[in-house]
């Protein structure tokens with residue numbers, strides 16, 4: 001009964017692959033600077049503190065939260081090429097702005113905030129991508145397609161830090177082109193590279209992307225987004241109401257999943273600088289490597305769950321993923337007795353005053369004690385005494401940190417892809433742009449609150465309180481999943497049109 005020509009099949013999957021690429025570039029736009037935002041912020045604006053870092057990270061998600069429902073609504077009534085091209089163009093322009101935040105003489109941190117918010121606004125096209133893939137795949141293709149989409153997103157998170165790590169070879173000073181007022185260094189080169197990728201994406205959308213739509217059984221029918229067609233082309237499979245209890249529950253679960261991951265990626269650089277006395281450059285470099293390895297782990301997980309979900313179902317895998325994330329954060333709690341190195345002790349022991357950015361990479365052993373020129377300084381390392389918890393909270397050992405990374409890198413991708421898959425199946429054949437916009441907005445809201453939450457709690461109360469509260473949030477989400485477990489079924493299954 002499936003009526004689809006070979007030409008239509010090839011065109012449909014070429015368009016889906018363009019959506020994969022768009023998702024990849026969206027995640028690269030976020031992760032390519034995530035490890036360097038904090039040291040760059042300190043470099044361009046000394047008035048910025050760790051609390052403002054939380055707002056910088058969150059600004060991306062604020063922009064995405066505002067844009068996602070708008071782009072989703074747009075894609076429900078107009079050709080999807082329009083919101084895809086406009087959103088990508090906004091991201092390109094915002095990346096260029098980020099490369100120039102060092103130019104103003106004051107308030108540089110607010111220019112960085114604006115640039116990251118606009119990059120996030122452009123990333124609102126994730127709702128368009130997800131809704132298109134949901135509408136262009138049958139029910140049997142859906143889990144695999146959503147897993148591939150999340151895998152592309154994960155690859156973006158992998159390669160973003162890898163690109164950043166490679167660009168550290170340019171150094172903090174880099175090359176200055178005065179006629180362009182541009183400093184090409186380890187902080188600006190990644191975003192300019194991201195802008196180039198965005199331009200390539202726009203070209204491919206115009207050249208290859210086409211509108212396609214199939215029902216849950218894979219039968220082709222006209223899309224409301226092409227050739228000015230209206231909603232009268234919808235078939236009988238759209239009759240019936242959506243289970244809004246399941247929709248709301250999945251939005252909440254997705255919020256929690258993105259919340260805990262936002263906490264994890266935001267705290268990585270400050271935590272390792274405090275606990276292991278890493279310099280700014282070391283923290284960017286080592287965390288880039290760690291997150292890249294975890295990203296590879298995530299891609300493997302995405303490939304495995306496509307097969308595993310056929311045997312156990314998406315709901316059981318989502319439950320297991322949340323449990324793994326819970327264990328990951330539980331391990332991250334401070335358990336030992338050894339305290340972290342205190343920053344002022346390091347300065348006192350080495351007789352070195354506070355650093356100047358231009359000389360922050362000078363190793364301590366290369367500086368003769370008590371014989372330093374007045375302009376020769378080094379970067380202080382360790383846990384700053386301004387964070388009072390540093391004086392009485394045990395350090396988190398490197399083995400704990402890496403073990404937690406591995407577990408969160410396993411649990412997060414499982415939860416991410418299962419949430420999107422279940423959500424698209426619950427919605428069924430109805431246009432999903434607005435609904436996907438709300439799901440993306442809920443994830444963006446989590447990315448807003450997560451960095452702000454962890455930067456405030458971590459700065460003032462320390463890692464024990466921060467990670468204990470995260471464990472509590474995950475436990476509540478597990479209870480919610482148990483309550484709505486039986487309602488998380490596909491639209492066609494709910495109305496008896498297909499067997500589960």
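Using N, Cα and C of the backbone, Cβ positions are placed for all residues, glycine too.
Pulled from TrEMBL, these are the features on record:
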DOMAIN    15-489  domain 'Major facilitator superfamily (MFS) profile'
TRANSMEM  17-40  transmembrane segment
TRANSMEM  52-72  transmembrane segment
TRANSMEM  84-101  transmembrane segment
TRANSMEM  113-133  transmembrane segment
TRANSMEM  154-171  transmembrane segment
TRANSMEM  191-209  transmembrane segment
TRANSMEM  244-264  transmembrane segment
TRANSMEM  284-305  transmembrane segment
TRANSMEM  317-336  transmembrane segment
TRANSMEM  401-423  transmembrane segment
TRANSMEM  435-459  transmembrane segment
TRANSMEM  465-485  transmembrane segment
Beyond the flanks of the transmembrane segment (113-133) by 6 or more, those residues with Cβ under 8 Å of it: 15-16, 19, 22-23, 26, 29-30, 37, 55-57, 59-72, 74-76, 80, 83-84, 87-95, 97-98, 101, 145-146, 149, 420, 424, 431-433, 435-437, 439-441, 444
Contact call for the transmembrane segment (401-423) and the transmembrane segment (84-101): at least 3 Cβ pairs under 8 Å, seq gap 6+: no
Close approaches to the transmembrane segment (191-209) from elsewhere in its chain (Cβ under 8 angstroms; 6 or more beyond its ends): 14-15, 18-19, 21-22, 25, 28-29, 32-33, 80-81, 84-85, 88-89, 91-92, 95-96, 98-99, 163, 167, 184
The domain 'Major facilitator superfamily (MFS) profile' (15-489) [mean pLDDT, rounded to integer]: 80
Contact between the transmembrane segment (465-485) and the transmembrane segment (84-101) (at least 3 Cβ pairs under 8 Å, separation 6+): no
Leading stretch by Cβ pairs under 8 Å, where the reference is the transmembrane segment (435-459) and the options are 17-40, 244-264, 317-336: 244-264
Contact ranking winner - 17-40, 84-101, 244-264, 284-305, 317-336 against the transmembrane segment (154-171), Cβ under 8 Å: 17-40
Recorded stretch that, among 17-40, 84-101, 244-264, 317-336, has the most CB pairs under 8 Å to the transmembrane segment (284-305): 17-40
